[in-house]
Each structure stands twice: as C-alpha cells, then as structure tokens.
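Trainee: I am attaching a structure below and will ask some questions about it afterwards.
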Amino acid sequence: MADAIIHLTAGTVAGMTGVLLDYPLDTIKTRMQVRSCRWVPPRDYLTLVAAATSVSAPAPAKYWNCAAQLYQRGGVRSFYRGLSVPLAAQGAEAAVVFSVYNVSLQHFLHQEQLRRQEQERQELPGPSCDRKPRFRRSQHHQSNDGPPQQQPYASVWSSPAHWKASACAGLAVSFILTPVEMLKCNMQMDSARPRWMRHHATVRSLARHLVATHGVRGLYTGVMGTMTRAVLGNMAYFVSYEQCREWLSQWFAGPLRDGESAPVWHSMLAGGVSGCCYWSIAYPADVAKTKMQVCPIARQQGFTRTLASLYRSGGVKALFCGWGVTVVRAFLSSSIVFTTHEHCSSTLRNLSWVDLVLSNDSAVASTSSTSYDPLEEVITRPY
C-alpha cells in the first residue's frame, strides 16, 4: 500500500513538473504539425472545406517565427492555453502508466521464469533442475532507502517481458490521454487566432461544446492515433530508459555499496534519451492524431487514411513536421521527470511514517506467505 502511494505521489509531482516546463514547446509543436496542411482531400470531403477553414491560419515554417507569432497574438499566456487539462490529468496518467507497467512486468517476468524452469526440467532432469536462477545486482536500481535489488542476467533490451509490459501500459493510458489531447490541441490552436475569432474562452466551454455536438465520442476523436502513439512510444520509452541505466552503470560506475545510489546524471541522461526515443518512434502517429483532432476533414477520414493523405501530400517530411522542437522538449522533460521521480521516491521512503507502513506491510506479507519467491526481489522499478 505504501509503495503504491509513493509511486503515485512521486509520479504526479514529476509529471506536473515536466508539463509546466515543456508546455510552451508542446504548443509550438502542435502548431507546426497542423501547418503541414498541404492537404489533398478526396472528393467526398470537399464539402467540408468550409468547416476546415475554422482552423487557424497555418503557422510559420520556422520554430522561432511560430513562437513570435504566438507571442504577438496573446503574449506569454498564449503558450499556456489549455494547460489546465494536461496538468490535472498528469496524476491519473502517471498512476496508470507506472502501475500497469510494474504489474504487467512482474506477471511477464513470472511467466518467463516458469517457462525457463520448465525447459531446464525437460533438458536436465534430476536435482540440478531445481536450482534457483542466478541473479546479478542492478546497480542503477540501488537507492538510499533499502538494500540493493537484483535482476536476472537477461539484458533489458532482449527481454520480451519489458516490451510487453510497456505495450500494456501504453494501451491502458491511451484511453485517458485521448480526451486530454483533444482538449489540449484545440485550445492550443485556438490561441493562434486573433482574440475576436476565438471560439472558446475556457477548456470547460470547449468540452461542453464537443459533448453537445458529438456526444462523449467527440472527446475520443483520434483514439486510434493516441493508442498507436502510446503503445509504440512507451515500448521505446521504458526499454530505452532501463537499458541506458544499465549501460551507464556498467561503463561509468563501479560496484555500489549498500545504500549507495547511482549518480544523478545517470537518470537525467537516460531519461532524456528515452524521451527522444519515444517521440522518434511515435511521432508520425502523433501528427496524424493531431490532424484528426483539429481538422474536420481528417476527423471524417480516420487514422489510416489521414496518415496516408499526409504522406501523399508531403512525404516523410510531412510526417515529421515539428519533430526537432519535440525532441528537444522530450529530452529536457523526460530527464527532469525521471530525476524528480527518483528524488521524490527516495525522500518519501525516508519519512518515518512510510517506514512504519512498509514494516507493517512486510510483517503481514511474511505471515501470509509460506514459500520464498525469487521473483519478488527481481526488480523494483524506480518510477
């Protein structure tokens, strides 16, 4: 119970910190994505051209010009329009991602262990097949709040369990992200219009309009694009982070003593790299998703046809419009998120009431279990 509270609290603080720091760049990213609107709609949708003109005028081709245009329209506040939605939803998003990832990871690791033991039992019958699997210390998982954890010899990069658990986390969080992204992107695009042309003054008015016009399904426009982005992105996100931490521990850190933690720059560098991997893999899906959520023509076409239309209109360049500023944003944000999370987790674990709850939970667990399961000591994720 205490572990769940720690992960939820630390994830919420880290996620909200990342949102506050990277939201202006995210606004520029959305404007750059919608700018790639050399759109070639099928004849069936030409009647919707008038509706498409409700979208704001195309953004400039350069990042700095786009930022200057936004500043001229509404000052600094124009960079933060729609911030309340992702800021409020970050706690729920972090809770779903990290909890689903850890629960799924333990399940898949357990399945791999059972499968490996079954293979050993078939190949080497006898007493030797009952040997427990060997473990090695994972130095970057050591922290000040307890003894060093252990994990199997298998590399994170080659472990199917990590890929499957990351995909499950992305699939689960996509249903929370879709309405958040729908409201955020439309508010960001609305901020690029002159004040007298803006449709919605608040996020609440926009949400009411969408529900009244399209029903609850209107909030889930682009769910397929969000799901594709979240699944592919989280697979790259978690696996690259874990693998980078493993490599950094091997290359730049010697054996860590009990209670000693890895340097802070390990988590910052690994987090930044993982953020870049996330958006490099998932960016085309995000471009199509954004187009569907702010452009009525794309909304009618669906995810696959929107992606194909983008490729026909501008090639690969159209699918990666705004990628540069997004990667910079992702590196800074992810490095801060992971570092903040680990620091918050360590701080919370050092509190006396947390130690008391953890000791009580350990006592209950020890009395309720009669056998030792080595999987319980395999991994405790630093999220």
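Glycine is treated like the rest: Cβ placed from N, Cα and C.
Annotations per TrEMBL:
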| type | residues | note |
| --- | --- | --- |
| REPEAT | 2-107 | repeat 'Solcar' |
| COMPBIAS | 114-123 | compositional bias 'Basic and acidic residues' |
| REGION | 114-155 | region 'Disordered' |
| COMPBIAS | 144-155 | compositional bias 'Polar residues' |
| REPEAT | 157-247 | repeat 'Solcar' |
| REPEAT | 262-347 | repeat 'Solcar' |
Trainee: Under the DSSP assignment, what numbers of helix, strand and coil residues are found in the repeat 'Solcar' (157-247)?
Mentor: 76 helix, 0 strand, 15 coil
Trainee: Using DSSP, break the repeat 'Solcar' (262-347) down into helix, strand and coil residues and give each count.
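Mentor: Counting residues by DSSP class gives 79 helix, 0 strand, 7 coil.
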Trainee: Under DSSP, the compositional bias 'Basic and acidic residues' (114-123) has how many residues in helix, strand and coil?
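Mentor: Final tally across the stretch: 10 helix, 0 strand, 0 coil.
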